[in-house]
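K.L.:
Just dropping this structure here.
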């Protein structure tokens, strides 16, 4: 078998796809231009024509306390005394509404709207710089880098303000060495509800009493982590919100509070402003990251012991405060310059109207604050437009014209000493809103050149993949390939040419264009060589037929994926893709028996022995065998329909789906309050896991693969059961309430750490054993039977070793024809059984390729299940059953020499279907971040390992179907003996069912079939990525691009990369088994080695 040729072609094809994806994404998801300039006191103009030092004036507040309660959605801050039975998150933070009602001149509560993405790092960046994020910023949430743009923390430091921080360590990464004093605590462990909050409370009150701070920032994480772990509708959320209520209010309500001498509001002075805010909200499941109103609407509470508002809220006050508005508001209240890149608008109720600003100490009035804010935003707009051409010229001209008119009106009235126009304030506000809306609409920068190059590379990659699948037999022929050297030369020439052109034109080299040139040159050369290798075949009638034909893309089996690819241009399809894919899967599966029946192969009308049944390659099928096989096919179809329908019960919900209710199986058992329901779910999960492992072991035992004493058989006998035991015990420990067994708390904590790590170690051991010793063959030498038996030629068979009947059905009487001949040629005259010559049985040889592959899928399945909620065990069992049903359906209609398009398309649809049926969606809020802490309850020191765990969790279905893809080639061979006439008598000669050994007889066809199967699977996946890329490119200005199409592109591209990696792992394992089988035969009979 030409394994190196197959592997090198697949590696090159995957690399070409990766380059195309990298190019397009690099041009599509660009971070906006950051203006590297800072504001200063001298460049902010006071309300006059001359420059003045803005910072010399007395600030409204000398100190500010900022309490950030992560994920404090506005619903948590509301208080409704009419509710007699509030939910756990309702009416638990009454201090905010009570204070606003009792002290309207000193406090306000507003909805605080965040700009998506609603992840913590981007929100901190937004309410410290006043700038708007871009979509790609979400990828930096767990790899926070220092903020380089002008921001509040920098300006406070420049003015000599002492900023003290405590809480979420993300701030320390964003503002390194910017704090006067900082107490960061690890933030990534979402299962830890108390460490960060308790650490803050140990230092918060003592710091407030001291006089060594001007700005105090405390970032609590307990509410956010409680949402991630339990969801908002859980008693733990009530406890957390009640704790935060006690932290804020001036009189303790909870007798269990341990804080001495009151709380934050009691320690405030008259010149101190208290800001209590959430950085984002959360969904009903406790997640965030998207742009639904539940995720974007947080709470903003403002309070000071002295009066800061003229009275109760009026109709003129804003209904919602954008988070960017906090930046200019705090800057002007503290007497520091507004950060240069801020596009926020001052919150006017905090500034006195012009007519009320006549006290002994004059403060900035509302109009003056608006003018300073407008001047700063206009300066940023001018600077940004001079550095970048993102903003449309017509919009820029309108904004400049509007500012000129407003500037003339304002400066004219100030210079003449006249009161300003009553409409001037609203005009300035309208200008600031227009600038922010314009920036938000245009800060989706694209690089058309990279996007076009990525599309071109992906187009040629898809074409090359299709050509490779159709010409696999030619490409794997010896002395016909001749592609390695030309492709390597094309890549080298392309890279050198691209580098030379860039050096001449720009003076520097950008690596991405070298990659693009190398990929494009190699693809063009491959297609040219493939065209030359495509010699038409001559039929008996003299007609010439080309091996490559575009008509094959119009086959019914390919119409389904092409229709799906076209549907990716519809946002409605993407939203409801989970159910649509299920419909497409079942429709195409039902097409198989319909087509067989149409061709007369499913139920022949007459028992004509000369007519092939079409179910197996051998024409020697009786009518009874055909009916039996047809019944098996219909039964598998029924099982497939049942599994697909039940799997719909495990779907999650998108915001756009309206009244959709997410599956209860998506919640961890620790969130359930009903003990009986929790026990029922646990039993169902353990039973599902046990059934999955039992079915896998049953299959291996049935075909004799467990008789071996090798590493793979050891993994099946011991590693797999122990892995399941660890998973079941881990679920039991994780479902235990923290206060349920106080005496065993330390033991439970150790178990939460040790059990999943033991499972990971067992998984690693099993994978190593499979790779090191993949053979599951047991060789048994039998002494000759009775001397009265007639002399027989030496026979070799693979036996199941279960029962005589099973042995008769799954014998391989000859391992190799030429191996048998070699033995017969070497025997001495007449040496029959009278000479005592042994007969050899090879147990498990008929499934030597599929057995380690199935075991690999089983071990990976248990390991991936460990990263999911416990309720997903039933979903994984359905996945296993659906894979088996698809394989049996395929085996009933497959050609043993190649794999048709229909089963490959079904396989890819099943991978997409179970992506949704394991609770995943192509949205960021649906990412199951808890997977990062399985086995690591105390968090991680880096980001690589948690990112890998979350990736494995998200793309579990892609992994299992990709690594198990070669089973489509082996399964018809495994089931070859089903429906045969039976085993022949001892003296009869005839064609024997050799199962997977048939592939060893013709290694060139084996290589071609494996390459064809892999490239067809890659073509289906690549076409989906190409369609997502086209949708994102065509609809890049669509209203739903960042909500639907861009996330879909990222998930589709990531899933493709993961699928490619694990498809290569599966193919490599097949090649590893092939090498091991060859060595086994050499050791068995050296003279007959191939």
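Note: Cβ is positioned from N, Cα and C throughout, glycine not excepted.
Features from TrEMBL:
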TRANSMEM  7-31  transmembrane segment
TRANSMEM  451-475  transmembrane segment
TRANSMEM  487-505  transmembrane segment
TRANSMEM  511-531  transmembrane segment
TRANSMEM  680-700  transmembrane segment
TRANSMEM  712-733  transmembrane segment
TRANSMEM  754-772  transmembrane segment
TRANSMEM  848-867  transmembrane segment
TRANSMEM  874-893  transmembrane segment
TRANSMEM  955-974  transmembrane segment
TRANSMEM  1017-1035  transmembrane segment
TRANSMEM  1055-1073  transmembrane segment
K.L.:
Hey, which of 487-505, 511-531, 848-867, 1017-1035 has the most Cβ-Cβ pairs under 8 Å against the transmembrane segment (955-974)?
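P.N.:
When the Cβ pairs under 8 Å are tallied, 848-867 comes out ahead.
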K.L.:
Assess whether the transmembrane segment (451-475) lies in contact with the transmembrane segment (712-733), where contact requires at least three Cβ pairs under 8 Å among residues 6 or more apart in sequence.
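P.N.:
In this chain the transmembrane segment (451-475) does not contact the transmembrane segment (712-733) - fewer than 3 Cβ pairs sit under 8 Å.
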K.L.:
Within the same chain, where does the transmembrane segment (680-700) have neighbours whose Cβ lies under 8 angstroms from its own Cβ atoms, ignoring anything closer than 6 residues to its ends? I mean 6 or more beyond.
P.N.:
665, 669, 672, 706, 713, 716-717, 720-721, 724, 727-728, 731-732, 735, 776, 851, 854-855, 858, 861-862, 865, 870-871, 873-874, 876-877, 880, 884
K.L.:
Quick check: do the transmembrane segment (1055-1073) and the transmembrane segment (874-893) share at least 3 Cβ pairs under 8 Å, counting only pairs 6+ apart in sequence?
P.N.:
no
K.L.:
Check the transmembrane segment (848-867) against the transmembrane segment (511-531) for contact, please; criterion is three or more CB pairs under 8 Å, pairs 6 or more apart in sequence.
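P.N.:
No, the transmembrane segment (848-867) does not contact the transmembrane segment (511-531).
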K.L.:
Counting only residues 6 or more past its boundaries, what in the same chain has a CB within less than 8 Å of a CB in the transmembrane segment (712-733)?
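P.N.:
Same-chain contacts beyond the flanks: 669, 682, 685-686, 689-690, 693, 696-697, 700, 705-706, 748, 751-752, 755-756, 758-759, 762-763, 765-766, 769-770, 773-776, 851-852, 855, 858-859, 862-863, 865-866, 870, 934.
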K.L.:
Who are the chain neighbours of the transmembrane segment (754-772) in space, where the CB to CB distance is under 8 Å and they lie at least 6 residues beyond its ends?
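P.N.:
For the transmembrane segment (754-772), the sequence-distant neighbours (Cβ-Cβ under 8 Å, at least 6 residues beyond its ends) are 711-712, 714-715, 719-720, 722-723, 726-727, 729-730, 733, 852, 855-856, 859-860, 862-863, 866, 934-935, 1069, 1072.
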